[in-house]
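What Swiss-Prot says about this protein:
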DOMAIN    1-87  domain 'Acylphosphatase-like'
ACT_SITE  Arg14  active site
ACT_SITE  Asn32  active site
Amino acid sequence: MAWVHGRVQGVGFRYTTQHEATRLGLTGYARNLDDGSVEVLACGEAEQVEKLIAWLKAGGPRSAHVEKVLTEPHSPTEDYQDFRIRY
């Protein structure tokens, strides 16, 4: 689980995160939170999850401005079949 803070809403952040996660073979979701951050849940091989986290920390899409990424290990209670954008 990751929370991405900065200018990450209204800039295509969830869409490009979905694309990158799918490219890495991950499942889960990305959703906007009321505080202006984006929550990302990524499930899959640990190495691929780490690659997504590194991508998030590197700033994600060019249109975004990531200030910080907070992460926390998470054991999902759902079995995600793909990576989706949640609303």
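Each Cβ is built from the backbone N, Cα and C atoms, and glycine gets one as well.
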Neighbour count first, Cβ atoms within 10 Å, every protein chain included; then name which of Arg14, Asn32 tops the list of active-site residues. Arg14
Helix, strand and coil counts within the domain 'Acylphosphatase-like' (1-87) (DSSP): 23 helix, 29 strand, 35 coil
Hey, how far is Asn32 (active site) from Arg14 (active site), Cα to Cα, in Å? 8
